[in-house]
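Let me begin by presenting the structure, written as structure tokens, before commenting on it.
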């Protein structure tokens, strides 16, 4: 029986060419799988038809937008997940959901191999292949760009030679990956890290420097989940989409960073993630009100490790699952409303309200009615500082 | 011989009253010590004269601004120190330098006791008293507001009864602490955490929403120390002061947060720290270029613990010293230039240049000349994902 | 109505005297509560009668041994909880279960206050009072030894004056706390930390130096829970008790350490915990076989923090609960058998067997049949070492 | 010019065959480098002559025992380095010192390549190759066993065909790596993890079960460095050697564990490290007396990461260097004497004495003269438990 290969298919030039390229390299039948994670662009049916026209024996398309928001973006929001303290893991979050669909298609169609369009020097090849090895260790992975030296120029030549139904426009200067949680851009002139990005790089966000009216939004959470915006109930997907629009219109969520890739090199990345940044900022502010101090301090460390694991492609790893248990427990009381002003590239929280609040006006106030017993402080200070004082007697005295 | 008390003196109503109050409560002579950490306001000599006029037997004043910048703010910049990921430790950093001067004065004047003006429910009492116990365990600490129930109303009555040379204006609605690294504001109406701050609260920063021209600045670091701005050599103090002005003029560095106090309660705090935020942002961006990945990942955890220790008043503790050793080592190569646009409340890095850069264009580029050997990736992925794959075979298969 | 005080009652001299002492100091009625956590000694009914004879208006006794083993010792086993890497938290674990019974009794009998017999310089006062404040913040705590200066001598005088039915023997040179999970001893001559303990100090363990036959035991776990010994089903309590006997007979579980107390001082402690040490050693060895590497590495840090929290009296804290979630998740596959030789003071694992094993003979073996693809290693090494290599080019070359 | 390869040479069959094998595979000249890290066995000159007789164009031998002890074992002692809480990194520590000598020889002799005898599934290949890439990124690495399929059988055939001056005895059932810090053994029958090791496996240690007299030793440290044994000054090397003998004679330092390899698999390892275990145990006990609590708590986490880095072959990495800074700072006051009883496989500390002690008898004692002010405790407990109490009011009340 002919071997079958499942290909992660985008509808673009490279993966369209991959269909025939893989067939030629391996003699296998190719099944194209396109997953909608909110990247926008063409209709899924158009993509499906193109795959078949390019030679795929089967083509599967899936609208995974809610699945992506609920099962991948939401855990990231609960974990305030920002790799290197900044990047909300846009691409890293989308890989495991795509992997799930690839593996399901491979099982359905009896494929033995999964193919993806990544290069050999990025993070995404790791995320795809480790993810696939975890969900289906019996599957083999191939990456034509990396393994069969399928360069852009060769791909264009292939498309023209085979008369593939793809518009082989002049290559965009930008290498882009996008989904509903954000957009990543790399490009030649930004590889000089002294060069600043230009407006042309951006698509999800307006120029924050343009004068405009501020937009005030109230985001409501229940147990860490965004459930309403300005009092209207929303799904997680709707919350991200609405804030992409509203925060994006205010220039919120642009990032320009030098990033540590898993493969050991540093790279320059531009991101736009207006909804993600707005939601994580609001969530973090609500945690400040509802999460106890020692839990909050420890959670910051857990958040960092969670973000590193997901960045590093270990979504399906045992440690990731155990950290999820911690994060979910820590989110039990993260319920309440956050008021946030979106303006000038900033998402600024200026009000919080929560039935689960640990902020106690009567303990905090300097007005009358204060219930904090200040006479306790002397004993606290004496004993809290004791071990440091004993060491200082030895180390710091003349 | 009459006992002597050294008092941390600000020149304001409360600590001016403290001079006489302590004398009455304890029968001791009071020595006033005022330390300039860049809080602005009156001339040190004016403050000195007022202390004597209020009954101090001695009054010491010290310009500690460079000492504060070099020995307290600089380590915080090197540690990217942001408590709860946001607050650059403004007040927390100033307490240990004031403590040093109080202890020196106590030794010089033979005092047995140190007094400060803090209440019994904040962090500063802990920072003062633990600091003093570490540098001079033989000294006793008193806090008239906490220990002798010296309320504001009683203080005003005392000042009027004694005819002290202080203007007892109507109480400002704001409780303020400020120094060159920033400014902290608490106030009654903000104790309702749903209320937003008003412009009137701010002093170091202009309204970020006001349209104005952006300001582009280049900050140069050597081994983590800011040494030049736009090519002009600066001291750390000058760097902070210049950026306070320039970043402050663009509304950079405003914070509105609910904070976990050491004494176990949550409180609402407004901060302004334009210079601190600009410098830490630039320093962090330069680290992204010059610090190796695993060191950078670990340093984030060290930074958090460093910030907690300093927030908690443990500046002189053994752990703080050992973490300083780590932070200094990690800063050895943090040398280079950061270009930053100050505008609309944001300090955005858009260029980096460093002779110590670990960013390698030839490894990172997708252009020709790429030196990254992509054939290595397959082996990396296989083994990197191995332990997770073995576990997944057990845990995730149907 | 007369106030009521619930007293943590042991049946010994001090807490027997406390009954009358508290009544005299406070005018309240005293309710004695004795909780059996496996400390051995007198029958609960005898203790109950003595409380009433000493003046208690009510006396509650509870056999909490299974509750203690299942809900307090078991989480510690799952967390491999060893404070400072050594101490299995014997006393620290018993305080929260006692607290639960004290609070229940206070609610049942309408008491407003809880009293305990701890001094003011140890950890246990914190564990009792923080525990009570968490479960019943409305209750007040008192400690007659600390708060009413009830010294041993005064207690004996009181007992004799009141003719209490207690044998006031000469004070034992040892201060002891014990329960089924272990035994803690402090004593005057060991306060000189150069002095070695003598055999007389020990009770749960035989001298490990005495020649005797080794004892081999097989302990079976399911999801981290010890469920069988040598093939016989056991409860957690039975597992601890049997191993206390068998490991104790071999001198296993003696500890002699200088310990960092929560109240800031260092103290010398002798512990015996044969069952606890045997079970934790076995559990850890089974984790080595069944827990994935990155999860195992992270769990070590969680274990340390868990142990510190419990040592510090924060059993009921939010962070403790969230860490429990992590620990439980990590124990899901800790199922299998551990063979252990008990002899000469050592519990040595020499065999493991598990249906959940991640040890893969075919990957590990150097014999034929090896399935590890060594050709993958070169790529792994190249990329795994890349970031360090790039930094070394900058830092380590001549 | 003919290429030159530096070979890590042991004098045994495999690396002796490697000389000719590499020459045949690559056409290069082979330079043999043997480094004495205390592995015992043949005289270095004998090894040198054999290398030349086997075809090496040059042979370098180096006595690196003191260098290994001072620069590699000592940092491990200061870090209480135990991978997975047990394994004192015996082999992992020796690789970087051997790497240094290999790189020096490569530079001296103009070699472009370094060869080692490791397989492709262990940790040592990573330690060699990452180490070499860090110290000399221009060098290439080869591993004939892994890269040229040089199996044991083929090696014997090669040796016989070429008439190499090596005794090709029947293969030992054990795969062994040893140096002065310990000894590692792997073997076929132990690859069944239910099988127990037999006495035949061990060489550095006597059977702990054999009755014999205990041996009491006093180890003196200065700033974390072992400087005297029983009052006699020793070098670090001498300390390890003497304790290898004395602790080894008592059966101390045997380990039997399932270990997480860097390459993602679990393996069964038997170790003997009597000197290492005795020294680390003593050092840890002295830290308990001389290191402040918060520093000690943090240092445990640093120790774990340090151990993982060294295990993973990242000795020359930036993070390792920065952690060394922390560890050295933390060792500043680790000065004093530890008395330890070596007997029956156990190294038990029973006495400590230190001029830098933070143990304060007057604070710790329950006798008269106690200087601990117990009245401070109430305030401490109230505020220490505050944040947990506020959360409990929300979470734990009926």
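Every residue, even glycine, has its Cβ placed from backbone N, Cα and C.
What TrEMBL records for the L-citrulline site is C:87, C:123, C:127, C:175, C:271, and among C:160, C:259 the residue it adds there is C:259. Same-site candidate for ATP binding, as annotated by TrEMBL with C:8, C:9, C:10, C:11, C:12, C:13, C:14, C:15, C:16, chosen from C:117, C:120, C:122: C:117.
Separation of the C-alpha atoms of residue C:271 (L-citrulline binding site) and residue C:124 (L-aspartate binding site): 16 Å, rounded to the nearest whole number. Of C:12, C:87, C:175, listed as binding-site residues, those near chain D by the criterion of a Cβ under 8 Å from one of its Cβ atoms are C:175. The average pLDDT the prediction assigns to the domain 'Arginosuccinate synthase-like N-terminal' (C:4-165) is 95. Sparsest Cβ environment among the binding-site residues C:87, C:271 (other Cβ atoms counted within 10 Å): C:87. Other residues of the chain with a Cβ within 8 Å of the Cβ centroid of C:8, C:9, C:10, C:11, C:12, C:13, C:14, C:15, C:16, C:117, the ATP site, are C:17, C:18. Residue environment of residue C:123 (L-citrulline binding site) contains 19 other Cβ atoms, counted within 10 Å of its Cβ in all protein chains. Here the binding-site residues are C:8, C:127, and the one ringed by the most other CB atoms within 10 angstroms is C:127. Cβ neighbours of residue C:16 (ATP binding site) (same chain, under 8 Å, six or more residues apart in sequence): C:9, C:50, C:51, C:54, C:159, C:164, C:166. In terms of C-alpha distance, the listed binding-site residues C:123, C:124, C:127, C:175, C:259 place C:175 closest to residue C:12 (ATP binding site). Annotation note: residue C:16 (ATP binding site) sits in a helical segment as assigned by DSSP. In this structure the C-alpha atoms belonging to residue C:119 (L-aspartate binding site) and residue C:8 (ATP binding site) are separated by 13 Å. Long-range Cβ proximity for residue C:175 (L-citrulline binding site), meaning a same-chain Cβ under 8 A and a gap of 6 or more residues, is found for C:185, C:186, C:187. Ranking the binding-site residues C:8, C:10, C:14 by the distance of their Cα atoms from the Cα of residue C:127 (L-citrulline binding site) places C:8 first.
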